[in-house]
Amino acid sequence: MHIMEGFLPSPWWQFWALLAVVCVLAGMAALIRLVKRNPESLPLLGLAGACVFILSSLKLPSVGSSSHATGTGFGAILFGPAVCSVFCTIVLVFQALLLAHGGITTLGANIISMGVAGPLAACIIFKIGHLIRPEFSIRSFSVTVFCAAAAADLVTYMMTSLQLALAYPAAEGGVLASFVVYLGIFSITQVPLAVLEGILIVLMMRFVIRIRPDIFVSLDILSKKETRILLPSSDQNLSPISKNKWIIAGIIVVLLTASLAFLLAGLGLQSGSDDLVAETLIDLGNLPVFDPLNLVSEDMHGWLFALQAGIGAAVLVFCLYLLRIRSASRGFGKKPHTIFDEHILDDVAIASPLRQVSAWLKLLFCLSAIIIGVTSPLPYLPLFIAGVMIFAALIIAKVSPRLYGSLLTIPLVFAGTGAAVILLITGGGETLIDFFRIGAFHFQITTTSLELAALVLSRTLAGMCSLYFLTLTTPITSLFSVLQKMRMPQAFIDLSMLIYRYIFVFIGEAIAIHNAQIMRGGYGTWKNYLTSFSMLASMLFIRTWEKGEAIFVSMDSRCYDGCMALPEEEGHVTPLSAMAVFLFIALIFGLLCAEMLLL
């Protein structure tokens, strides 16, 4: 979902930024009202933000972006979409600065998709499901929570697909065709992730209700009567899933998927619906449904769609079963991979020789490079900016080349995937290589698409290198001081500090619980894996909730007056550093003006 730095051209990144500012300002007003009415909710908000940070850091490559669980459904159900947009903004900023996920110019677009569209969909579905249920029970509550959590995930990626389609419409079919392509590529990973996230959040909700039902009562999500209805059902044990049930479930999934694909293919053969053929991009590894030799009749296309989708569903179920077998047979000689292996770049920034340089100066240096880089109409200036940033990071900031190269690998994979799609579907200009046509889509490389793909790739490289320089040289605590000097609302700064604190509380507690579960065989089977992981997430919620209450009590006992103490920034500005920054900005601005004049 994180659209990477430099991927959105003008004026789209400005449009989404302005729209995000309006939404976040409304959310901040709601946050201030919530904190004034219920001050005890601030630690819980920090907890929800940290939960979103952890879940949304589990990423898989996708076109110009990344696929991952969002975690926003949980926070949206608890606090509503307005407040959710605020802590999602904080999380996205932290991920850009701590992990270099996303970007600065694309921050507005990411906020709209992850912090506004997804939570809004989750809240609407949860409210509707809560109203239309025939009777309140653990089953109806679980179905409502599952639908809300899965919808938050899927709507987020639908909005991201729309943002990319508006920025890069297809040569044939325009925005709608491009939207279908992007959505199809996202769906490779996102549909299974949405289902898994929905199941995980349902298990978390049920576990929290069993341990701390007062949380839902205090937040006016459930009444005391409703929590009493849920409590007996929450304690029932689930029967184990046998091999035969796996086979039956797999057959049902394959039949349903194949039937749906056959139905969509049949609709796609009708007049005016040819764009539905783009569903073949859901699985890029299978044979595309086109027949240049006319060996397959048009009537067979629907069956081929069904066969392809059925094979894909069968492979998915079989892989899940193999994962179950592998988990059961895995020994303890090798350290298992966990979600907490992500390297927090803030550690590198604390040890950086440029740490003492003013955060204001580094912000000016990087933001100017990012904005000028994404504004450049030619790829040469962004490549020059990327080279300067790489030199500054490796030579001046003394960042390890191996670390820097590993950090750039994943963004370059994302950018390369997006550039490849732009290269093949944009069209325009003289045709260089003509590949094939699938329905309304003509896959070819033209002079215009080649220039646009090179420009997007160079802009992304410049933006990511600039963002990495800021991330690797500026601790997040220095940015808190900058926010305070910018006269940001104190509730926003306090919430940012709490989320930052809870991130490390989450990681520490999660590692301890995860290691204890491994020693007790908690991840021996696929069923135990899912159960243990959901219990881990729920226990993290409970423990951090309790720590949040303890923090609030300790703050109150120390005369907390609504303003957390923040140390002054120790950075300084030397004449040499200031001169170097301003000369660099003047140089790239002059080169930008020269490019504009040449065009």
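Along the chain as shown, residues are numbered 1 onward.
Any Cβ shown, glycine's included, is placed from N, Cα and C.
If you take every residue in the region 'CbiM' (1-239) and average the pLDDT, you get 77. For 1-239, the entry in Swiss-Prot reads region 'CbiM'.
Summarising the annotation, Swiss-Prot assigns transmembrane segment to 12-32 (among others). Long-range contacts of the transmembrane segment (12-32) within the same chain: residues 45, 80, 82-86, 89, 105-109, 111-112, 115-116, 163, 166-167, 374, 489, 491-492, 495, each at least 6 residues beyond the stretch ends and with a Cβ under 8 Å from a Cβ of the stretch.
The transmembrane segment annotation in Swiss-Prot covers 44-64 (among others).
With a cut-off of 8 Å between Cβ atoms, the residues of this chain six or more beyond the transmembrane segment (106-126) that come close are 1-8, 12-13, 15-21, 23-24, 27, 56, 70, 72-73, 75-77, 80-81, 84-86, 88-89, 92-93, 96, 144-145, 147-149, 151-160, 163. Among the features that Swiss-Prot reports, transmembrane segment is placed at 106-126 (among others).
Look at Swiss-Prot and you will find 140-160 (among others) tagged as transmembrane segment, backed by sequence analysis.
Annotation comment: Swiss-Prot describes 162-182 (among others) as transmembrane segment.
The region 'CbiQ' annotation in Swiss-Prot covers 341-599.
Proximity of distant same-chain residues to the transmembrane segment (356-376), defined by a Cβ-Cβ separation under 8 Å and at least 6 residues beyond the stretch ends, is recorded for 5-6, 8-10, 13, 103-105, 382, 385-386, 388-389, 455, 459, 462-463, 466-467, 469-470, 473-474, 478-479, 481-482, 569-574, 577-578, 581, 584-585, 588-589, 592, 595. As annotated by Swiss-Prot, transmembrane segment applies to 356-376 (among others).
Marked as transmembrane segment by Swiss-Prot on the basis of sequence analysis: 377-397 (among others).
Per Swiss-Prot, transmembrane segment is recorded for 407-427 (among others).
According to Swiss-Prot, the feature transmembrane segment maps to 438-458 (among others), an assignment based on sequence analysis.
Taken from Swiss-Prot, the feature transmembrane segment covers 463-483 (among others), and the record attributes it to sequence analysis.
Residues or ranges marked as transmembrane segment by Swiss-Prot on the basis of sequence analysis: 493-513 (among others).
The annotation transmembrane segment is assigned in Swiss-Prot to 579-599 (among others) on the grounds of sequence analysis. Long-range neighbours of the transmembrane segment (579-599) within the same chain, counting only residues 6 or more positions beyond its ends whose Cβ lies under 8 Å from a Cβ of the stretch, are 361, 364-365, 368-369, 372-373, 375-378, 380-381, 384-385, 388.
Comparison of 162-182, 377-397, 463-483 by number of C-beta pairs under 8 angstroms to the transmembrane segment (493-513) places 463-483 first.
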